[in-house]
Each structure stands twice: as C-alpha cells, then as structure tokens.
Amino acid sequence: FAPSYDRGATVAGVVGVGRLITGMDRGLQGMCVNERRHLIVPPHLGYGSIGVAGLIPPDATLYFDVVLLDIWNKNDKLQITTHSKPERCNRTVENSDFVRYHYNGTLLDGTPFDSSYSKDSTYDTYVGTGWLIKGMEQGLLGMCAGEKRSIIIPPFLAYGEKGYGTVIPPQASLVFSVLLVDFHNPKDGIFVEHLEVPEPCKRRAVTGDFVRYHYNGTLMDGTLFDSSYSRNHTYDTYIGKGYIIPGMDQGLQGVCVGERRRVVIPPHLAYGENGAGDKIPGSAVLIFDVHVLDFHNPEDPVEIETVYRPEGCNVTTRDRDFVRYHYNCSLLDGTKLFSSHDYEKPQEVTLGTSKVIEGLNTGLLNMCTGEKRVLIIPPHLGHGESGARGVPGSAVLRFEVELVSMEEGVPEGYLFIWHGDPPENLYEQMDLNKDGEIPPEEFSTFIKTQVAEGKGRLMPSSDPEKIIADMFRNQDRNQDGKITSEELKLKTDEDQEKIHEEL
C-alpha cells in the first residue's frame with residue numbers, strides 16, 4: 001500500500017516518541033544497520049478501526065518488509081577507530097594545519113558515494129577553517145602522517161537534513177576510511193633530526209661552503225621520489241646561495257663532515273602547491289635523509305697537522321728541493337684512493353715544478369726529514385671540479401705524508417749552481433786536454449768533479465747523467481757536438497743579456 005522504493009526515497013523518523021504508528025515504533029526497536037525484518041502489525045497497533053482513507057481499510061492488519069539503512073541519535077558523537085599508526089609520530093594534526101589524505105566514503109549501510117582513490121589524487125585542504133564538514137574536521141585532529149582511521153559521522157556533523165546532491169541522502173550518517181598522507185602548517189619551518197654526528201667535529205658548514213652529500217628523498221608516507229645513491233654520484237652544491245630548495249639550503253647549515261641527518265621540509269620551503277614532475281605532488285612535505293661526505297670553502301687553504309716532528313730539526317724543505325716521501329691518500333669519508341706503499345719506493349718530486357697538485361706541494365714545504373703530517377686539501381688546490389682518475393669531482397682529499405729524504409734544490413731555470421764564485425778561467429779548466437774545444441766527455445767529467453768537491457750542485461734528480469747532458473746541449477749552441485769558448489756562458493750572463501735585449 002505504500003512502498004518507499006517507488007518513491008525513490010528512504011523513510012526517516014525518530015523512534016519511540018509517538019511519531020510512528022505503535023507497531024512500527026516497536027518493530028524497529030533493537031534493529032541493526034542492514035538488518036531486514038518482516039513486521040506484522042495488528043489493527044490496534046496500526047491505524048485501528050479508522051484506517052487511512054483510500055489506502056488502508058479499517059481494522060486492517062499491516063505487513064511491512066523493512067531494511068534498516070541508517071541509525072543515529074542526537075547525542076551521538078564521532079566514532080573513530082584507528083586501524084594502524086606509525087611507530088614514529090613526532091607531531092599530530094591540529095587546527096589550521098594543511099592536510100593531504102586519501103579516503104573512501106560510504107553510507108552507514110556500505111553504499112559508496114565518493115573516493116579520492118578513484119581520482120588518483122589526495123584530498124588537500126586546511127583543517128579547522130570551515131572548508132570541511134564538521135565531523136571530518138574533528139575526525140582528522142590528532143592523526144599522524146601515515147595513520148589509517150575509520151570515522152563514522154552522524155548527519156548533524158555532516159550534511160544534515162538536506163543531504164548532498166544525489167549521492168548523500170538527507171539525514172545520512174557517513175563513514176570515511178581515511179589515510180593521512182602528510183600534513184604541515186604554513187608557519188612551519190624545517191625540522192632537523194641529527195641521526196649521526198661524528199666526534200670530533202672540527203668545523204660545521206656555513207653559507208658559501210660547497211657541500212658533497214648523498215641523500216634519499218621520500219614523501220611522508222615513505223614513497224621514494226629521488227636518490228643520489230641510485231645515480232652512484234653525490235649531489236654537489238653551494239649552500240645558502242639559492243642553488244637548492246630553501247628548506248635544504250637551511251637544512252645543511254651546520255653539518256659536520258660525515259654527519260647523517262634527516263631534514264623534514266614543508267612545501268612552502270620546497271616545491272609549493274605545484275609540486276615537481278610526476279613524483280612530487282603539490283603541497284607535499286619532503287623528507288631527506290642526508291649523508292655529508294665532505295665540504296669546503298673556495299677560500300680554504302691547505303690544512304696542515306703535524307703528527308710527528310724529529311728533535312733538532314734545523315733544515316726544512318723549500319721550493320725547488322728534491323724530496324722523497326711516502327703517502328696515503330683518501331677521501332674524508334675514509335675511502336682509500338692511493339698509497340705510495342703499494343710501490344717499491346717512495347714518491348719523488350722536485351717541489352715547485354707543478355708535478356704534484358698544489359695542495360700537496362704546499363703541504364710538503366717546511367718539513368724535516370722524518371716528519372709526518374696530515375694534510376686536508378680542498379679541491380681548488382687538488383683535482384678541482386673535474387676530479388681525476390679515481391678521484392670524484394670537487395672532492396676534499398686527506399693525505400698522510402712522511403718525508404723520507406730531501407736534497408737541496410736549485411733556482412728555477414737552473415740545472416747547476418756554484419756554491420761560491422765560479423773560476424775566472426772557467427773555459428780553460430773545463431778544457432781538460434787543452435785542445436781548444438770541450439766535447440761531452442770533458443764537460444761531464446768537469447761537472448762531476450765540481451759536485452764531488454762540493455764546489456757546486458746539480459738540480460736534484462734521480463738521473464744526473466740526463467741533467468748534465470741537458471746542460472751540455474744548452475751550451476752547444478750550434479749543436480756540433482762540442483762547446484767553444486764563444487759558446488760557453490754562465491746562466492747569470494745569459495739572463496743579463498736578455499734584460500738588455502728587452503730594454
């Protein structure tokens with residue numbers, strides 16, 4: 001006589017206050033949502049001897065097939081059930097926070113009406129500012145990022161008597177299954193968690209320093225969006241100069257070499273409302289787990305630490321000296337690169353001849369034989385931005401050096417110098433057989449004699465024969481295999497002639 005299905009609308013009413021016929025009032029008592037009942041209502045509990053004109057005869061027994069779709073009470077509150085919660089929860093949602101969450105929305109009988117998953121996008125909004133129904137605003141409070149909740153909202157905290165469009169009936173209770181992806185407050189700054197800080201930490205990074213670091217970048221739900229490890233290459237940049245997102249610029253301030261830290265960055269200090277690419281959504285909070293390998297400043301000098309210095313050290317290395325030394329070279333994270341101990345003999349070099357990197361040359365100056373040092377060499381005094389074979393670009397290097405021996409050098413441009421004044425009749429003394437010309441053999445014999453007698457010294461080298469041959473070639477100006485008196489000139493005289501020519 002009166003099916004609700006034909007009207008396309010459910011029947012809503014308050015039970016037990018006399019607004020329904022007595023039989024229906026009693027028959028609905030104790031029902032659960034989605035329960036179905038068959039009610040037989042005798043006339044005295046229905047419309048009695050009067051009936052309903054044109055619809056229900058007098059003294060009619062009534063049969064109702066009822067399914068209960070929804071139930072609520074004006075005293076009801078939200079029903080919140082937490083299904084899962086992360087172990088780490090540094091902060092929970094408060095009013096004025098901006099939240100990003102996924103949800104499935106159903107009526108109390110399980111009928112779905114909306115889902116963020118079907119849109120492949122989170123629902124993003126502020127909490128406590130009236131942009132959500134009251135029940136959802138209350139239901140999101142106190143949630144952790146990554147938490148899952150079920151929230152049952154009575155209609156007076158949802159869409160009330162009017163419902164919403166064709167999907168939410170009037171007086172409908174709503175059930176939301178919510179996953180909070182992330183949240184932040186527009187007033188938030190970055191959050192830094194120090195995971196591992198090496199001891200000692202002699203220096204901390206400041207604005208203007210160049211930092212090399214590895215990182216994993218994730219969203220708050222743990223989704224990885226980027227990693228330097230996957231590229232097998234550090235991220236290298238200046239900090240505090242706007243070359244990276246503001247939150248990371250701030251988050252790397254004060255790091256130590258070798259430090260591991262977690263930097264949580266709100267979107268207004270990251271990629272904002274627009275996000276970046278297809279991996280960082282708009283308004284996403286970013287989490288960077290950072291491992292700092294090294295840093296330096298473009299104005300840094302070589303850092304020299306003397307580990308051992310022999311007593312009675314009176315003679316130290318100078319520019320142009322020939323030195324032999326052992327070394328171990330590594331990165332600041334301890335990665336070993338090279339070692340002279342892998343070879344049969346120490347490394348050899350004449351200082352100031354650009355045969356080694358500038359920082360190592362500097363670190364080998366003013367050393368005593370037997371002295372041991374640790375050198376920290378910034379890249380601009382090492383292998384620079386490009387690096388070298390086995391050496392990453394912009395890497396700070398750590399050298400452990402020990403000076404094995406040294407030989408006093410000669411000024412730049414000289415192969416031999418006199419310890420005093422040269423002989424006045426130099427050519428005659430050099431011409432051993434007095435035939436008016438000096439062949440290579442006489443020249444070599446004479447120079448070796450001067451060295452042996454301590455009257456002069458050769459440029460220190462592992463091959464004195466080659467140095468003497470170069471000296472002879474320089475004096476044999478017409479390259480005829482012999483030196484004449486006209487050809488023989490001291491380098492001091494040659495330098496003076498050049499000055500006159502320039503004048």
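Cβ atoms here come from the backbone N, Cα and C positions, even for glycine.
The feature domain 'PPIase FKBP-type' is assigned by TrEMBL to 1-72 (among others).
The domain 'PPIase FKBP-type' annotation in TrEMBL covers 96-184 (among others).
Under the heading domain 'PPIase FKBP-type', TrEMBL lists 208-296 (among others).
Averaged across the domain 'PPIase FKBP-type' (320-407), pLDDT for the predicted model comes to 96. For 320-407 (among others), the entry in TrEMBL reads domain 'PPIase FKBP-type'.
As annotated by TrEMBL, domain 'EF-hand' applies to 424-453 (among others).
Residues or ranges marked as domain 'EF-hand' in TrEMBL: 463-498 (among others). Proximity of distant same-chain residues to the domain 'EF-hand' (463-498), defined by a Cβ-Cβ separation under 8 Å and at least 6 residues beyond the stretch ends, is recorded for 413-416, 422, 426-427, 430, 436-440, 443-444, 447-448, 451.
Taken from TrEMBL, the feature region 'Disordered' covers 472-503.
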Same-chain residues near the domain 'EF-hand' (424-453), Cβ under 8 Å, at least 6 residues beyond its ends: 416, 418, 464-465, 468-469, 471-472, 475, 481-485, 488, 490
